[in-house]
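Asker: I'd like to ask you about the structure that follows.
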């Protein structure tokens, strides 16, 4: 009986550690991210991207399936959707696909690009989504809200960026809903000038989604915990030069790129706890046989 009680509390404690309640994510400049803005190579990329898309399809079955579904949805809504000159079907399909089931895996790949650049199978998708956001941007700024189920912290020094495409909402209520937020997470209150309203393209228009590109940098960061949960205010946004530019165009420009793996200490701790949990529970189970 004693061993069962011990096993229960041990499992509970380790689970809390593994789920991230004790290991928050640090908000920084996302140094591993793929942040290409395709400056001065849009015309060339428009020619090359269809080929890259087919190559990605061959390596990424989920992307292929989600793209095909998004193509159908885009054809159904394009005639009732307003979009600027230069915005074509590939851009529309990319936006629709992003609001479906691709966002989590895609953003993980974008955020950790430098750790495994050869395994990045979203080359064309990243281009089309980036261009869609750039074309839709009306040069205006908005106050938006982004809820997360994981805790973020800020060191108090330096500018920050998300390093991935980040969904937000014009409505605080949406960001605080259980679909996006938990009390162990973070509410971001963001002044964005590069984010664009994609309500017309979204699979969930009631969310009033504003999509923020990962290269928007925030120079003023304020964190507080006055409402019983973590809040981070991001202000003074700016579009700064990216680490990558025209990377898949054959005339790549990079800024101080180091492709060595820069894994975080927090990831190592989480992995260790997962392994420890499994081993200890296994030993306790065997001891009761």
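Every residue number used here counts from 1 along the chain in the order it is shown.
A Cβ is built for glycine as well, from the same backbone N, Cα and C atoms used for every other residue.
From Swiss-Prot, for reference:
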- 146: active site (ACT_SITE)
- 167: active site (ACT_SITE)
- 209: active site (ACT_SITE)
- 98, 146, 164, 202: NAD(+) binding site (BINDING)
- 41-246: disulfide bond (DISULFID)
- 141-193: disulfide bond (DISULFID)
- 61-241: domain 'TR mART core' (DOMAIN)
- 79: N-linked glycosylation site (CARBOHYD)
- 249: N-linked glycosylation site (CARBOHYD)
- 260: GPI-anchor amidated serine (LIPID)
- 1-20: signal peptide (SIGNAL)
Asker: Cα within 10 Å of residue 249 (N-linked glycosylation site): which of the recorded positions 41, 79, 98, 167 qualify?
Answerer: 41
Asker: Measuring Cα to Cα, how far is residue 98 (NAD(+) binding site) from residue 167 (active site) in Å?
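Answerer: Between the Cα atoms of residue 98 (NAD(+) binding site) and residue 167 (active site), the distance comes to 10 Å.
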Asker: Taking only same-chain residues 6+ apart in sequence, whose CB is under 8 Å from that of residue 202 (NAD(+) binding site), what do you get?
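Answerer: Correct list: 96, 99, 209.
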Asker: If we check Cα distances from residue 146 (active site), which of the recorded positions 41, 164, 167 wins as closest?
Answerer: 167
Asker: Could you tell me the C-alpha distance between residue 79 (N-linked glycosylation site) and residue 193 (disulfide bond) in angstrom, no decimals?
Answerer: 27
Asker: In the three-state scheme derived from DSSP, which category covers residue 193 (disulfide bond)?
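Answerer: DSSP call for residue 193 (disulfide bond): coil, neither helix nor strand.
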Asker: For residue 141 (disulfide bond), which residues of its chain lie six or more apart in sequence with Cβ-Cβ distance below 8 Å?
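Answerer: In sequence order, 191, 192, 193, 237 meet the Cβ cut-off.
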Asker: Run through the Cβ atoms and count how many others sit within 10 Å of the one on residue 98 (NAD(+) binding site).
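Answerer: 27, counting other Cβ atoms within 10 Å of residue 98 (NAD(+) binding site).
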Asker: What's the CA-CA gap between residue 167 (active site) and residue 246 (disulfide bond) in angstrom, rounded?
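Answerer: Cα of residue 167 (active site) to Cα of residue 246 (disulfide bond) measures 24 Å after rounding.
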